[in-house]
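Structure first, then comments.
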């Protein structure tokens, strides 16, 4: 498959890249990030987009399958995979983009999610100790964050939706429209995750002490009603069926636990307890399971996440830190998503990319309490003078 085959393909690809750069500069102020920082994030993300393109053209992958299906004929709109097929078909058949142009368009979605994550972590590390600010910068530039969200597929859109939802949750009263956009985008590619978002939003509204009781009841009923429509649809989309019972859910979980176990990333989670499933989903592979250069990068990511989880949990238990953002929504979304996905994902490779549908919120929640100046510091990492300029 050729990356580009006509002059039009080259013009479109270059135009998409330039439009993406201009868009990132325009959005920088919206997420309280400097223009140069925003442009740097875009260039960094684009590097992984081009590497991903080279990788799938050489070794194959879902992104190539999406593009080929979009090029072959008429695609009917639906949610999930079919939604990506439909959008890619519009790009290929309607606009006439090459696979490079399509990659660069999806790269913009992932870059917006990365920009939102950067802005959110800047808020999380405000008044934090210097090493936490440096750690936040490391997280933003982790290869896996940009790699999985840079290609044709559901991951770029779901990562953008998660980033937008996280940013909206920091000031939900003023960013309700942004939250709605995030839910709609997530609904297009991952309906079950959109349902979890709405459930978390319903809980957040019901427990919002800043709203009057009447407003809480009205908004809560509205959110619950939307969740009541989304959740059955999401369950049917996932394959549980129209009639949901304990037996049908158990049968669905048992079936999912046997999926995608082939290959190096397959693990048998059917015999694991829930805590072990949670650990496996979020923190494996570890450095003890390295077998390739990709597993080294994954193990590094997981080591950082494990550090955040251990010491963030320790700080939450030991200290009282002033909260930032709507934590009811974030914790509800993170915990429900983590539990459900860990119970049905039997492949570490799939877990590596799908956990970024909620990991940004978990990272925010933990970073926002680690290293605050009013708390005792975890006895790891030396400190030096710094400020939050690294995230600007």
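Using N, Cα and C of the backbone, Cβ positions are placed for all residues, glycine too.
If one looks beyond the transmembrane segment (6-27) by at least 6 residues along the same chain, the residues whose Cβ comes under 8 Å of a Cβ in the stretch are 35, 38-39, 41-42, 46, 95-98, 100-101, 104-105, 107-108, 111-112, 115. Per TrEMBL, transmembrane segment is recorded for 6-27 (among others).
What TrEMBL lists as transmembrane segment is 39-57 (among others).
Away from its own ends, the transmembrane segment (95-119) comes close to residues 1-6, 8-9, 12-13, 16-17, 19-20, 23-24, 27-28, 31-33, 37-38, 41-42, 45-46, 49-50, 52-53, 57, 63-64, 67, 70, 88, 140, 145-146, 149-153, 155-157, 159-164, 166-167, 360, 391 of its chain (Cβ-Cβ under 8 Å, at least six residues beyond either end). Summarising the annotation, TrEMBL assigns transmembrane segment to 95-119 (among others).
According to TrEMBL, the transmembrane segment annotation covers 131-151 (among others).
According to TrEMBL, the feature transmembrane segment maps to 177-205 (among others).
Marked as transmembrane segment by TrEMBL: 217-238 (among others).
The feature transmembrane segment is assigned by TrEMBL to 293-317 (among others). Sequence-distant contacts of the transmembrane segment (293-317), counting only residues of its own chain at least 6 positions beyond either end whose CB sits under 8 Å from a CB of the stretch, comprise 135, 138-139, 142-144, 282-287, 348, 352, 359, 362-363, 365-367, 369-370, 372, 375, 378, 380.
Summarising the annotation, TrEMBL assigns transmembrane segment to 329-350 (among others).
Annotation comment: TrEMBL describes 356-371 (among others) as transmembrane segment. Residues 113, 117, 120-121, 123-125, 128-129, 131-132, 135-136, 139, 144-145, 148-149, 155, 158-159, 162-163, 165-166, 169, 186, 190, 193, 282, 305, 308-309, 311-313, 315-316, 319, 321, 323-325, 327, 330-331, 333-334, 337-338, 341, 377-378 of the same chain sit 6 or more residues outside the transmembrane segment (356-371) yet have a Cβ under 8 Å from a Cβ within it.
Recorded stretches compared: 39-57, 131-151, 329-350; the one with the most Cβ pairs under 8 Å to the transmembrane segment (177-205) is 329-350.
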